[in-house]
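A.B. asks: Sending over a structure as structure tokens; questions will come in a sec.
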Amino acid sequence: MAELRALVAVKRVIDFAVKIRVKPDKSGVVTDGVKHSMNPFCEIAVEEAVRLKEKKLVKEIIAVSCGPSQCQETIRTALAMGADRGIHVEIPGAQAESLGPLQVARVLAKLAEKEKVDLLFLGKQAIDDDCNQTGQMTAGLLDWPQGTFASQVTLEGDKVKVEREIDGGLETLRLKLPAVVTADLRLNEPRYATLPNIMKAKKKKIEVVKAGDLGVDLTSKVSVISVEEPPQRSAGVKVETTEDLVAKLKEVGRI
């Protein structure tokens, strides 16, 4: 059991506390000079892998991130939390902005095969695009079973038991390893990296590779036409009677 290896995908996103601003040309959002951090769902995925390692159920944790050189900061955070080594799939900034779930899934699938991992952990979604697709696509490319929105993960021999919340209650899945698991908010509460572990993380290895080295084509078939701010909410109008309300609703075409 202790020979299991886990690959954890971590994404660098604009920090959740930052107010998002759209570029003047509406081609995307402003990222230059903006604070970034690890996607919160990815933090949960890292934490779960580390907890399994602390229970001596996982031997090695590899953190991987796709994007520009700044992604190494995100990988260092994962290393400080307890991951053993990192892989940075270096993608230039302009190309990284158009990176979609399918392109990332192709990279992760190749790395999972190359590293011969037994578990692939991801956050269920990223807070920047909210796609909730990468884990499912990766499982499809690998032809591995998947447990999405995991709120509890238990290793049982050559299987992983995943408990997930659904509309009608809880669903329990048993997946034969290797498998893909995506983390939901209720799975755990990620730890803060301590200063000693942050210092140790600086000495841990981060391997830098190109997507081409993995034989992955990052060409996207999806193009962004325009990114716009949400419309401003218009001021409300007070009405005195029900008749006035009905008349006003008819006036604006609501009824």
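Glycine is treated like the rest: Cβ placed from N, Cα and C.
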A.B. asks: Look up region 'Recognition loop' in Swiss-Prot and report which of 114-136, 137-159, 183-205 it refers to.
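C.D. replies: Matching range for region 'Recognition loop': 183-205.
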A.B. asks: Look through Lys53, Lys210, Lys221 and state which residue has the annotation N6-succinyllysine in Swiss-Prot.
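C.D. replies: My reading of Swiss-Prot gives Lys210.
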A.B. asks: Within 10 Å of each Cβ, count the other Cβ atoms, then let me know which of the modified residues Lys200, Lys210, Lys248 comes out lowest.
C.D. replies: Lys210
A.B. asks: According to DSSP, how is the region 'Recognition loop' (183-205) divided among helix, strand and coil residues?
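C.D. replies: Output for the region 'Recognition loop' (183-205) reads 10 helix, 1 strand, 12 coil.
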A.B. asks: Same chain, outside the region 'Recognition loop' (183-205) by at least 6, Cβ under 8 Å from its Cβ: which residues?
C.D. replies: 40-48, 50-51, 76-77, 79-86, 121-124, 149-153, 164-165
